[in-house]
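Below is one structure, written out as structure tokens; the observations come after it.
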Amino acid sequence: MDHVDFGSLDSSCDSELLIDGGNQNMTEEDVLFDTIVGALENVLMDEDFNDMQSSFCFKHCGVFEDTEESKLVYTSLFSEYTELIEGYIIERLTSEVPSFTMDAFGSMLGERQDEITGDVFDMLMSFTDFSEFKDLMLSYKSQAEGSGLKGLVDIVSKENFASTPAAGLGMAGLSIEPQTKGKTFDPLSPASREAKDAGVSP
Amino acid sequence: MGLLSIIRKVKSKERECRLLILGLDNAGKTTILKSFNGEDINSISPTLGFNIKTLEHRGYTLNCWDVGGQQTIRSYWRNYFEQTDGVIWVVDSADRVRMGDCKRELIDLMGQEKLAGASLMIFANKQDLRGAMSRDQIREVLGLDGKEFENRHWGIFGCSAVTGEGLLEGMDWMTEDISGRIFMLS
């Protein structure tokens, strides 16, 4: 990860400057809130997060079809997806911000409705939207099918495939072409675009 | 509540609600949704999964979830209860044979804890068909004035998805009831 702004999470100064423009009257809770939001931003930009999301999507995108009607199975996959993402985020926040608890953060969010703006929260919000999930899965599916792009994939993936964590993570039993398994297309994928967008400080 | 549900709750638009459209198979749920949305209704096949449509109505955003009603998939309805503000129960008014099933499923649904606070609007659909039971007959046969519904905000409207008659009245009632319940409080 090459984003440096949030390098030191334990320093409240960093996040204070970025999130709040350096307000002098911050309470302890404000500082904690900003620290958590900073950590959250870090987690979402992290390659590990992107890999986790990608491997879930590649693993399950096969059942998705580009029709108006949705299959019942999409709903259980959607719950699995949001639970996976939520579980991952909470685990990371818990380890990176020692005083983090979901209960406390939950009530902070409730009290700060006007501050819940920007890319991090837009991205979190997008994880709760079924239609966005369906679109994401469909775009992974068309990537996996690699229509017309197989030649390109072949060339690039020789370098990238072996070294990606995603290659070994939840990718077993896929029916997609082997050469599309790697992270070759990640720069083009919506997931990765979102992650990059989210990396921009408000 | 988890992180994502909290974010959604805090960030969601003020005038936005979630409606769940249920009823026996062949009641006309998808046809009602499409007809109300001004879409073609000539080639609708039985819904085996579900449809989602976001409608703008009287300044409100209505996220409508229309789930298939065949007996084998009714057990999946529960996966769609979460955060539902209103249930639209669609009845095929001409299907006298299955009116008992219809009542049983509705009462079962209304007993579900996650739907405890949801408004209930019943569409007595297919009023354009000869032999259709009237709105009042359906009100009686479903037992809407009984104790199962005494703590429920409910309304019943005769309609025809094919002609479009009655749809607006029902949706207006639903929107007003939900907004009266939720948005006026905050």
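Note: Cβ is positioned from N, Cα and C throughout, glycine not excepted.
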Candidates B:Gly69, B:Gly86, B:Gly164, the one TrEMBL lists with B:Gly23, B:Leu24, B:Asp25, B:Asn26, B:Ala27, B:Gly28, B:Lys29, B:Thr30, B:Asn125, B:Lys126, B:Gln127, B:Asp128 as binding GTP: B:Gly69
Nonlocal residues around B:Thr30 (Mg(2+) binding site), in sequence order (Cβ under 8 Å, 6 or more apart): B:Ile44, B:Thr47, B:Asn51, B:Asp66
Filtered binding-site residues - B:Ala27, B:Thr47, B:Gly69, B:Lys126 - keeping only those with Cβ under 8 Å from chain A: B:Thr47
Cβ packing number for B:Asp25 (GTP binding site), 10 Å threshold: 18
